[in-house]
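Noted in Swiss-Prot for the protein shown:
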BINDING   627-634, 1244-1251  ATP binding site
COMPBIAS  824-835  compositional bias 'Basic and acidic residues'
DOMAIN    595-821  domain 'ABC transporter 1'
DOMAIN    1210-1441  domain 'ABC transporter 2'
TRANSMEM  21-41  transmembrane segment
TRANSMEM  77-97  transmembrane segment
TRANSMEM  150-170  transmembrane segment
TRANSMEM  255-277  transmembrane segment
TRANSMEM  368-388  transmembrane segment
TRANSMEM  392-412  transmembrane segment
TRANSMEM  481-501  transmembrane segment
TRANSMEM  520-540  transmembrane segment
TRANSMEM  912-932  transmembrane segment
TRANSMEM  1004-1024  transmembrane segment
TRANSMEM  1116-1136  transmembrane segment
TRANSMEM  1147-1167  transmembrane segment
Amino acid sequence: MDNTIGPRVDPSIRAFDFTALFEECFLDILPWSLFLLMLLVRLKFLLNRPKIIRVDRLCLIKEALWTLYAVVKLAQLILWASIAAFTTAGTVPAAALAFVGCMGGSVLSYFEHCRSRRPSSLLGILTLLILLCDVTRVRTMWLMDQPRAISILTTAALPINILLLVFESLTKTAVANEKEASRSKEEIVGILNRSVFWWLNSLFILGRKHVLHMGNLPRVDSKVLTSYAAPKVYERWESKPQSLMLQSLQAYPMTLLRGGLCRLFTALFVTSQPLLLKRTIRWFSEPSTPVSDAEGYGLIGAYLVVYGGRAVFTALAQHQNYRLITMIRASLVSLIYDRTLTLDLVEAKESAALTLMSTDVERIGQGLQFVHEIWATPAEFGVAIFLLQREVALGSLAPVIIIIVAIVGTVLLSMKIDPHQKEWIGAIERRIGSTTDMLRNMRGVKMSGFEDALTSILQAMRVEEVNISRATKLLFIGCQVFSTATATISPVLGFTIYVLMQRAQGKPGLASSSAFTSLSLFSILSSSVYIFLTSVPAIFSGISCFARVENYLVSENITGPTDAEGQDSEASSISAEKISIIAPKIAPSDYLLVIRDGSVRWKGQEKAVLSQINLCIEQGSFCVISGSVGSGKSSLLYAILGEASLKADTFHISTTSIAYCQQSPWLPDISVKECVLNGRDWDEDLYKRVIHACALSEDLAQLSAGDHTKVGYEGGTLSGGQRQRVALARALYSRRRLLLLDDTFSALDPKTEKSVSGNLFSSSGLLRELGTTVICTTGKPGNSNKYADYTLDLNKEGEAQLRNTQKDMQDDEIEASTYSREQNGPKKQEEDANHESNQSPETSQEHELAQESVPTFSSMIFYLRSTGMGFFALSFSLSLVYSFWQNFPTIWVNLWTQHDAKHPYGDLAKYIGVYILCAVLALVTHTVVTWFVNMACNGIDGAAVRAGPTRDTPENSGTASITGRGYVVFTNKHRAPMSYFESVDIGTITNHFSQDMEKVDLEIPLTGVQALFAFTSALVQLVMLSIGTKWMAITFPFIIAILAIIQRQYLKTSRQLRLLDLEAKSPLYSHFTETLSGLATIRAFGTHKQCQSINTERLDCSQGPFYLLYCAQRWLTLVLNLVIGAMAILMMGVTIKLRGSTGAGYIGLAFVNLTTFSQSIQSLLTWWTMMEASIGAVHRVQQFEKETPQEDVLGQVTSPPHSWPKAGLIELKELSASYLSSVSPVLRNVTFTVQPGQKVGICGRTGSGKTSLILCLQRMIKINSGSILIDGLNTSHVPAKTLRERLICIPQDALIFNGTVRLNLDPQSSFTDKQLQDNLRRVELWDLISSKGGLDATMQDGLLSHGQLQLFCLSRVLQKKSPIVILDEVSSSADEESQRLISKIIREDFKDRTVISIAHRLQQIADFDIILVFSQGQLVEQGSPEDLLGRDVSLFQDLFSQQDK
């Protein structure tokens, strides 16, 4: 009998065993043959790789073990050959193959050790597989009647195999180079280690013992980082830019394939469970015999294989899936950023990039979670229906029909998701764009008193977004109802059809084995269908987001200047004849820039901004472009840069080496030194010369950390003049051939402007020495104009005239300070003589972030209180009711089969009727809970947002949903002091408004309700497990204790990873936001690669916790599934002992509930892990509500009378102030009084404290000592928001945000359209704006120039009533005509009001009543203009006289 293929040997020979020939063929020959084939392929690959690991003790031990193993196999071969009587046809070939395989294993082990960074996967699988096979072979050997020597040798091979398995799985440490030593643990451990996620244990130990932060977080697999993942998609996209989704999936074929194979094995194990259950019930019903008892123990092994295999392969399939998600995330974010760098400036204002890289990429990831479910689950329910047909015959048609209806319904609903989701994401996009605008301009928002107005606008946008989201959520709910219907209705209809058919045919009714096997199949069927129908809308949503990203990537790039025929004009294409038309006396080679008959227009505008432009610029010359406000000066520079459309008969530029200073300086949030270096190599001498030339030495000396001081977001820690000069220093340090300056001196005081102009443009100036060609725009006569070689005059009609400028290059006495190469820079730079790097030290905040309390149970309580504990109690109760009705039918079926066995078809109507009632009640309660949680939260959300800003007080706690409450908390950030916004990364706040709101708004209701269903179902199923096998109830306390230990181990680390995941995204968002605001500068300097490098670095930083959190979740999936497997094995063991003492129905009941319990746990894990990040977002809401500082301290402020201020009297007494308590004062002992109606001008060098004084008046910086009184009331006792609303203030930088002209003019909706039009007419802008759409026109780049924007902001306050008007350089970008208009408005419209105006153009304040002169934070002069100008020594006189020169 042993010489047959069997597979089972005759029980009379050996009980429950395979034949010897079967074992030799399938447990020896097959695995060794496959190994030898794969050995050849692997060796060919390894021979082409370099040696990266040294031969060490581990290598020698493995070689020794393989040699010993080969010796044992050789001895077996010799013995078998010598005793032919005990062999079969396969004995000698099997032994020979094993010997050859051991020799091959020895060779492969050596090469794998030396040329692969991780232990051999092939040898790891081989040793494990051979070990399992040999265990079976050893048992057979000892049962067979043969020489003991063979059995002894076979047994002796087992410990050697075990040692090989251990040593072949050990991590290698003798690395040959530093690169390999820096690999992550996942990259260097073996396949068995990776399969059970053993490598993650060190992370959990670290998370339990220490606080996780970015500094101690383990490295992640390099293949999920941007440097590896992004090029895979980028190369495919560049070669074939279509179907981004397919390109992304095809870029990682092995990851996709490995995930698919693991999912296939999972499906095999899942569909094996009903067959195993059927065999168990039949075995339980059979009489006890030695053979059947042996089979019982064999069933324990079967449960070990099925449940253990399912646990491992489920975790591996999900792990490969989430690796795919992580890699696609890296590639998409990188692609979006790269595309953003080529984005048109007008499109950049729409903030699509932020939404795409956050919301859309997140939803793509959510859809990709189900990428293998879309094919695997249909396969599962196909197999389940086939097996079901064998049990209930035509009863299997019921689930088929229901599945078809559910799938068709779900697909139809999912197809409708796309347009609704696009509308929803569009609303999110608009909200995030407006929110980002508000945050970027928070200083201007506060100074203008628009905090509440803009917050109300944001809240209205939030309400609109919530309302738009309802349609999408309803469609998701509909899909869930279809999937639930399969689970609730299929079993009852299937059993009803089967029983009625059986009765009609006179056959036996419902048997216990068929009933519970069918229930198990129905459970698998419903679970598979549920996952499939859940995955369909998620995948459709992901496809929709892929399409949005794809549309963004293929949108039109910026177009450079073109000639009249539309062909790109290269430097080599210009002809001497064309140049000679404009400048016949100069050789063409002398020109750096030539434009002939050029016209400039912005995208989306038909009318040209400039026309008939003729311009010839010699190399090394200095050209000034002058013109009135709105004449197109900046547009011409943008056209030269390629940002605006330039068409010309001739366009020639002989260099791409361009530096650019835009009118509103763009400075990333890094140190001053890093801004100046801009990624270039350190040159100490040049750096000192540049700092001195830009007159920054004195400014840097006053900063707390010198040139290592961070400039803040958009240069918020610097004054306007300092920002312009730092940007200028960056341009000078770049040493470019062409320098474009867009009104760069507008914020400089006359003395500083004169000094900088001389240092740069005089005959011995730095730019003259470097031979740099300069084109500078200006709207006013200035010190730089007299150095110009050419002047291009632009008029309001967009026409230009080029003329030579008569220059007097004689330097006067003041110009003695002109740039000198030997002049020393600031002392701070002297300390850096040995500086070798352009990177300054930065203080990491990661550890501080990580030390924040992580989300705990209190976060969930916070969420539940926000939605209302009654709301949660009702939801939980209804969910428990659903779970009962969903699971009670298993008990009912057991009662039915017992009754049917005694009374065939007795009380059939009762059993069918109750079953139908249970199904209907389950479906109804499920639908109610799903709708209630999703839509009721949505309704509460809108109400909470409309309720407006609130703090958490006993009166309102628990009255609003976390979604609405969270947004209110975030919008309340405008109540924080300005120092908060200057110290907090704007990306962090943007992250709150995008990621956190996305998670709290969408994910918690959708995933939370599913997790709730799974949790209550698991509770009910545990009870039913104890009903099936009462002895199992004894183990429940131990199981619960084990689960509690696992939960504690997991949550301690996962909470911190969730927080790090959210925090690590903030710098990424900040960089996106900074890039969008500085596109023109980035492209002008050509620092694309530097910006891409920063993006890659920050993206990789966020990939770490993002990926590790997914890995930790897979570890939890594996461990809990192994616990369920242990429960199944334990239950089978209990079943063996209970055999004959209980009915088979109860055993079936127990195992069915174990199957459903495992599905509930799997579902709970799936939905809970999806909800984890949302819980982290809830925690952040909780933290920010608690920790965000407030400007007003309760009890220290009181609301002033409604009529305050009435007169406009301002008194400052011994005032000292600083931006932060740790920083030296910016104002020192300032004392003065302004009488009602007086006009006060403030002047002084840039950085002298002028703007700081205005900020003090508005309580925007910290007052250290002294007081400010307005109409006798101390402003420190007035709520800051109220104070700013009662004053009129126009900040230095024009405050413009996304929206219409009407919204920008009147955010508070206080005036009629006619009043707004009259205001625009007063500043002479109405004709221009009305021609572009009037009040409904959208504010965008190109609509108004910088000077016109200042006039626009002035028109905004003309109708506002307040006795005090504060103006911060409102004419800095205005031409002379506009300055006269502004002066007229101040004299006429504000004649009875107190006016405080900062000005660098001193003519603007020459007719004011009082002049205040500041220097280094102190008031050094005050008096009337006449008095100060008449003094022998006067700083004001000095400034005034330098401006006139």
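Using N, Cα and C of the backbone, Cβ positions are placed for all residues, glycine too.
These figures come from a predicted structure and were not determined experimentally.
With Cβ pairs under 8 Å as the measure, the transmembrane segment (1004-1024) is packed most heavily against 912-932, out of 21-41, 368-388, 392-412, 912-932. The largest share of C-beta pairs under 8 angstroms with the transmembrane segment (520-540) comes from 481-501, of the ranges 150-170, 255-277, 481-501, 912-932.
Among the listed binding-site residues, namely Gly627, Gly1244, the Cβ with the most fellow Cβ atoms inside 10 Å is that of Gly1244. Under DSSP, Gly1244 (ATP binding site) is assigned to a strand (E or B) in the three-state scheme. Of the binding-site residues Lys633, Lys1250, Lys633 has the largest number of other Cβ atoms within 10 Å of its own Cβ. When Cβ-Cβ distances below 8 Å are used as the criterion, the transmembrane segment (150-170) is approached by residues 58, 61-62, 65-66, 68-69, 72-73, 75-76, 79-80, 83, 86, 109, 119-120, 123-124, 127-128, 130-131, 134-135, 137-138, 141-142, 144, 190, 192-193 of the same chain, each at least six residues removed from its ends.
Between the transmembrane segment (255-277) and the transmembrane segment (1147-1167), the number of CB pairs under 8 angstroms, six or more residues apart, is three or more, so the stretches are in contact. This prediction places the mean pLDDT of the domain 'ABC transporter 2' (1210-1441) at 87.
With a threshold of 8 Å between CB atoms, the same-chain residues lying at least 6 positions outside the transmembrane segment (77-97) that come near it are 2-3, 20-21, 24-25, 28-29, 32-33, 36, 144, 146-147, 149-150, 153. With a threshold of 8 Å between CB atoms, the same-chain residues lying at least 6 positions outside the transmembrane segment (912-932) that come near it are 477, 480-481, 484-485, 488-489, 491-492, 495-496, 499, 874-875, 878-879, 881-882, 885-886, 888-889, 892-893, 896, 1009, 1012-1013. The Cβ neighbour count for Ser631 (ATP binding site), using a 10 Å radius and every protein chain shown, is 27.
Just so you know, the Cβ of Ser1248 (ATP binding site) picks up 27 other Cβ atoms within 10 Å once every protein chain is counted. For the recorded site, Lys1250 (ATP binding site), the DSSP three-state label reads helix.
The Cβ neighbour count for Thr1246 (ATP binding site), using a 10 Å radius over every protein chain in view, is 25.
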